[in-house]
Amino acid sequence: MGEILKSLKAAIWFMFLTFPIMVIKVNPIEDTVVWRWMNMAYIGVGVFFLSFLWRFMLARRNQGKKAEESGKARMPIGQRIAEEPKIKYPAIALVGAFALTIPFWADMYNTNIMTNVLIYVMLGLGLNIVVGLAGLLDLGYVAFYAVGAYSYALLNHHFGANFWVVLPMAGFLGAAFGVALGFPVLRLRGDYLAIVTLGFGEIIRLVLENWNEFSMGPSGIANIDRPPFFGIKMDLFQKTDFMYYVVLALAILTIIAVTRLKNSRIGRAWIALREDEIACQAMGVDRTKTKLMAFALGATWASMAGVVFAAKSTFINPPSFSFWESVLILVIVVMGGMGSVVGVILGASIIVLLPEYFREFSEYRMILFGGAMVLMMVFRPTGIVTAMRQKYTIHK
Amino acid sequence: MKPILDVKNLTMDFGGLRALDSLDIDVRPGEIAALIGPNGAGKTTFFNCVTGMYNPTQGDVLVNSPSGYSTRLNGLKPNKVTERGLARTFQNIRLFQNMTVLENVMIGRHCHSGAGHEIIMDPDNSPVKRMAASAFFGGMEIAATLLKGKRFKEREQETVQYSYKVLEKVGLEKFANNFAKNLPYGLQRRLEIARAMATEPFLLLLDEPAAGMNPQETKELDDLIQRIRDKEGISILLIEHDMRLVMSISQRIFVMDYGKKIAQGTPGEIRTNDAVIKAYLGEDIDA
């Protein structure tokens, strides 16, 4: 009851506040004032409803917290899909079947979009290693993406290098760049690390933009070859479908790799480093080595995703690797659930698909993103799927 | 018998402040030693100097391991100190809260569970060789993790088994798959000790292990510490304010005040030492 009253108060307050702009309309030509009283009613009802919803959600969240403390919490739906074997395996089978058959029933446009989703899944999972597991806030992640894309584009342009040859090479090159970035920032944490990585990302982009002799500057590189398939000639549709399967295979590879890393000795060291750096070192974990591994392995996936991106779009230029891309990937990780593989996959799908299918709302994209992030932080700060730790069985 | 930890003339300056002043402390094999002193005396600073968190301004931190080698620990990184056989706990609990209890202990196994750790940890090998081995086996480990071969799984299982045994020793095995943050306070302290034990130390440095515990928990801790010394053969140096605990379990006590050692001896000697009474209670005006 008190809640209703509070919502009512909020509604009246908002009606009063927006009165001058929403209700009064002066027509200077005819010298008349139009009173739009209906608008006031709309605002009143809308604010009342939203305010009440907000309060209701807050109350529910607090209840959830209490339940969690007493250990009787019901797992949220995303969590249950990721955890319970009864739901998990059918879900995997379903998603797998869906992913495998997309090119057969979807048109080229949709197949292309799904390819994009998978590229972001790769990027998100790679960044998940750095941010989610090792707890190192990296705002210049897109730099490694650019490294991969440009290494393929340039090698292909100058030497006609094959996609399949460059892919592993770019992986190693990305790892090398990761280590190169990792060394100077070993001692940094939190905000400081974020600033330096941000700078690193911008440096790479600016170099690509301005070093015309090397990267052909802002005009970019065009006519990059798509991945060949044993020299078989394919038309554009087949090429798109093939590209989709290539990315799907790589994304699955990434998922397997990141899951394995997460539940290994290396992954544990990353998480320990995130949880408490001092205690982690005192327990015998080599901080330098662990951090460099995180940067290197994170960068590897970004770099490979970059190669795929270059091959898919056949044209790249520096604006594809702006700071906004880094933010987008970070949003995928944070929203999906830091450290959670399933979360990142969901996050990538949402972040790529929603703007794509709701093009009518593209003007409001930023505000919707911002709003969604705020709501996430209030109601589910650990992301859509909270990362869980492996349960070990002990053989006696 | 050589002391396993031999600290000579240890001095630590923070700018103009002398936190530790020519400290001499030694711990003998199989001993429970205690370091006491009023707040701000420099006890934790001493721990931090020994375990590599700080690099001391002057003096030597020497260890003579029961297996026979001697090393100087000054300037080594904390993880290297741990590899040499010293492990510590923290005054304010520093567990990995969002990891399970078992995983916390598994982190303690980190330097013993990696591929090639025999080469990396052997103090007889040159630093260059150890670093090269560390980089090489790091790369190998990534490959092994991604391929998830038989060797990798065996290693993991070994780590799990060993860690579980350590949990059994401190009585935390039923909580193995719980998050560390969900443990009650007293058990969190226990888990910190278990985690340190998993690094296979010969000397355990406990920083106020009984802080915030009720008498019953303190009693259990007393038993645990004695058991670790007797059953595991781990020597113990502890910082503690709970005098009953200190007096009952330690063979020797070192007393610090304002960064200096003001007394050392058996509990009986310390109890009647004038300098110690003065440091804790102040001087008698009439005397």
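Every residue gets a Cβ built from N, Cα and C, even glycine.
Feature annotations, courtesy of TrEMBL:
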- A:12-29: transmembrane segment (TRANSMEM)
- A:35-56: transmembrane segment (TRANSMEM)
- A:118-137: transmembrane segment (TRANSMEM)
- A:165-185: transmembrane segment (TRANSMEM)
- A:192-208: transmembrane segment (TRANSMEM)
- A:242-261: transmembrane segment (TRANSMEM)
- A:292-315: transmembrane segment (TRANSMEM)
- A:327-354: transmembrane segment (TRANSMEM)
- A:366-388: transmembrane segment (TRANSMEM)
Listed stretches A:35-56, A:165-185, A:327-354, A:366-388 vs the transmembrane segment (A:118-137), most Cβ pairs under 8 Å: range A:327-354
Decide whether the stretches the transmembrane segment (A:292-315) and the transmembrane segment (A:242-261) have at least 3 CB pairs under 8 angstroms, with pairs required to be 6 or more apart in sequence. yes
Between the transmembrane segment (A:192-208) and the transmembrane segment (A:242-261), are there at least three Cβ pairs closer than 8 Å, leaving out pairs fewer than 6 positions apart? no
Contact set, same chain, for the transmembrane segment (A:165-185): CB under 8 Å, 6 or more residues outside the stretch: 140, 143-144, 147-148, 151-152, 155-156, 193, 196-197, 200, 291-292, 294-304, 306-308
